[in-house]
Amino acid sequence: MVRVELQAASLMNGSSAAEEPQDALVGGDACGGRRPPSVLGVRLAVPEWEVAVTAVSLSLIILITIVGNVLVVLSVFTYKPLRIVQNFFIVSLAVADLTVAVLVMPFNVAYSLIQRWVFGIVVCKMWLTCDVLCCTASILNLCAIALDRYWAITDPINYAQKRTLRRVLAMIAGVWLLSGVISSPPLIGWNDWPMEFNDTTPCQLTEEQGYVIYSSLGSFFIPLFIMTIVYVEIFIATKRRLRERAKASKLNSAMKQQMAAQAVPSSVPSHDQESVSSETNHNELPPPPAPPSKEKRRKTKKKSKKKDQAAEEGRFLAPAMVAEDSVTDNSVSVGPVAKNHLAEDGYTCTTTTTTTTTTTAVTDSPRSRTASQKGSTAPPTPVQPKSIPVYQFIEEKQRISLSKERRAARTLGIIMGVFVVCWLPFFLMYVIVPFCNPSCKPSPKLVNFITWLGYINSALNPIIYTIFNLDFRRAFKKLLHFKT
């Protein structure tokens, strides 16, 4: 009896000793024999401290992505300065980034902590398809935004007419349709997924070499090439416009001095003003010419309104084009080259002639924008406030538009730089791994880090808009009820 009991006890001890290494292999402590951490009965593959750090960090990224992109969408639809047709591209980008945060990231958090897929093969395939679809849509939307900016800068007048809501929505639909064409082939058989799926089967993107080349070209490398070429062209165009503006400014400065020398009478001190307005009452000046007829003023006003609208829609016009299109029939009679660059320097230059050209105020200081009354022998008479000339108003709008376009190009460059830093490591790994032997495959932690580096791009886009775009910054503050 004693011998049998001892044998039974030894067998029980042996079986328990055999179970301990199995627990250690699953993830427990081989030295202490402790069981691995678990959450809701699901055994985790990493220590508890790593679970806490990973869960908090990745959840924070998800939260930032959701909040930021929701604010972008709400800003465009609720803040009037942002309610313009080209911002629908940004809405589409925000929706793509939002779907990454809602449909893709949470499953990856669970997969990172558990290190095995417990949601079944159907959910696995749908998750992988959504991953490729949403990330590709985000990248292609960036490409569409770059193209839209390029056309707006290089061909502002024509593209302002072509940039209709229907055209923009068609481009956005094309972006999502192309993303679906790139992401869907694995669902219809272009994959190397196993026929049977269990808890130990990894849920990962297919490594079928043909599809890897196809999807990487469509999702990343071709859009990257297009965006690089487009941004270089935008940079060159912006530099060219700045050089044209600098040349026009020098030419206009010389013209201003020449016109001032011809228009200033000897009785007016040259240090007080550079020229004298033809619309004020001075005994020293000849009587002003008759004002234009009502019919001519009506036509001029209508034409100027159209030019102003074209400038507003174009948002970035060549300096020579602006001056030529903005100057009405009452412009100063100068040479053709000077006429093209007249409105570039920012000085007030108004004219009131119909058949006879009269030079008017070209001043540097606010006090000399009205006619000086020094040396006048007649009693002072009230001076009516002078209306701002149309082409000066349009020139000011173009100066603002130029500043906006420079900021937009800079923002686009930053978005592209962040995009390359975030996604290039992932797609290099995605292309290289299927063509190398198993020994060159990266560790699961490195794969997870590179994957999340790509996901972070969806969180950074709204942050970039907030920092570098004043309208988005104001809209965010308004939505969050911050005082501006």
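For all residues, glycine too, the Cβ spot is worked out from N, Cα and C.
Database features, via Swiss-Prot:
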type     : residues : note
COMPBIAS : 253-280  : compositional bias 'Polar residues'
COMPBIAS : 350-360  : compositional bias 'Low complexity'
COMPBIAS : 361-378  : compositional bias 'Polar residues'
CARBOHYD : Asn13    : N-linked glycosylation site
CARBOHYD : Asn198   : N-linked glycosylation site
TOPO_DOM : 1-54     : topological domain 'Extracellular'
TOPO_DOM : 78-87    : topological domain 'Cytoplasmic'
TOPO_DOM : 110-126  : topological domain 'Extracellular'
TOPO_DOM : 148-167  : topological domain 'Cytoplasmic'
TOPO_DOM : 191-215  : topological domain 'Extracellular'
TOPO_DOM : 238-411  : topological domain 'Cytoplasmic'
TOPO_DOM : 434-448  : topological domain 'Extracellular'
TOPO_DOM : 471-484  : topological domain 'Cytoplasmic'
TRANSMEM : 55-77    : transmembrane segment
TRANSMEM : 88-109   : transmembrane segment
TRANSMEM : 127-147  : transmembrane segment
TRANSMEM : 168-190  : transmembrane segment
TRANSMEM : 216-237  : transmembrane segment
TRANSMEM : 412-433  : transmembrane segment
TRANSMEM : 449-470  : transmembrane segment
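Between the transmembrane segment (127-147) and the transmembrane segment (412-433), the number of CB pairs under 8 angstroms, six or more residues apart, is three or more, so the stretches are in contact. Taking the topological domain 'Cytoplasmic' (238-411) as a whole, pLDDT averages 52 in the prediction.
For Asn198 (N-linked glycosylation site), the number of other Cβ atoms no farther than 10 Å from its own Cβ, over all displayed protein chains, is 10. With respect to Cβ pairs under 8 Å, the transmembrane segment (168-190) is most closely packed against 88-109, considering the stretches 55-77, 88-109, 216-237. Residue counts of the topological domain 'Cytoplasmic' (471-484) by helix, strand and coil are 9 helix, 0 strand, 5 coil (DSSP-based). Residues 111, 116-121, 124-125, 127-128, 131-132, 136, 182-183, 185, 430-431, 433-435 of the same chain lie 6+ residues outside the topological domain 'Extracellular' (191-215) yet bring a C-beta within less than 8 angstroms of a C-beta in it.
Long-range contacts of the transmembrane segment (88-109) within the same chain, counting only residues at least 6 positions beyond its ends with a Cβ under 8 Å from a Cβ of the stretch, are 54-55, 58-59, 61-62, 65-66, 69-70, 72-73, 76-77, 119, 123, 127, 130-131, 134-135, 137-138, 141-142, 144-145, 148, 165, 168-169, 171-172, 175-176, 448, 451-452, 455, 457-459, 461-462, 465.
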